[in-house]
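Database features, via Swiss-Prot:
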type	residues	note
DOMAIN	4-190	domain 'Flavodoxin-like'
BINDING	10-15, 78-80, 113-119, H134	FMN binding site
BINDING	Y12	NAD(+) binding site
BINDING	W98	substrate binding site
Amino acid sequence: MSKVLVLYYSTYGHLETMAQAVAEGARSAGATVDVKRVPETVPQEIARSAHFKLDQSAPVATVTELENYDAIIVGAPTRFGRMPSQMGSFLDQAGGLWARGALNGKVGAAFTSTATQHGGQETTLFSIITNLLHFGMVIVGLPYSFQGQMTLDEVVGGAPYGATTIAGGQGQRQPSATELDGARFQGRLVAETANKLFGG
């Protein structure tokens, strides 16, 4: 079976929750899954005063270990319609892997959160996916076979480009059951794709 990394950055815990759901989905397809986060670059005193969630249990990833996985699912919240600098800085350090083609043909995917329904979900997903394409990765999104993103009965995240959640202007909204189902669906689809590509 395939080996999957769920790599995320979470300021207030929404993406941490989504990452766990993505991992659940990947494990349900038989994949071996690690959940890791990128380093926080905001000084701890400032992060604490801004109420960042600093007690996240996932270990911090290193760039060099990325090539050890068959699939990498990247999650980060939006910052003005793109991924935040914490994730951008981490991926920028993967130039050596890019130069060697170390990630060519591996499976990639993205998930995100925004404060509002129209707060940059798709552009943030694109900002992540663009990096993964430059690394030579094969992209898996969240197809419309996941019916949860089609509903008009509730405020819900989700796009064909990846699973999403809506956090609210003050971060007061947690991922809904539908959004977590979307994350699990995408995680499972990534793992199933990696299993096919890598002989699982």
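Cβ coordinates come from backbone N, Cα and C, glycine included.
Of all the Cβ atoms in the protein chains shown, 23 others lie within 10 Å of the Cβ of T78 (FMN binding site). Long-range neighbours of Y12 (NAD(+) binding site) (same chain, six or more residues apart, CB within less than 8 Å of its CB): H51, F52, K53, A167, G171. Between the alpha carbons (Cα) of T78 (FMN binding site) and W98 (substrate binding site) lies a span of roughly 24 Å. With respect to their backbone Cα atoms, the residue listed as 'substrate binding site' and T116 (FMN binding site) stand 34 Å from each other. Summarising model confidence by region, the domain 'Flavodoxin-like' (4-190) averages a pLDDT of 96. When the binding-site residues S10, S113, T116 are scored by other C-beta atoms within 10 Å, S113 scores highest.
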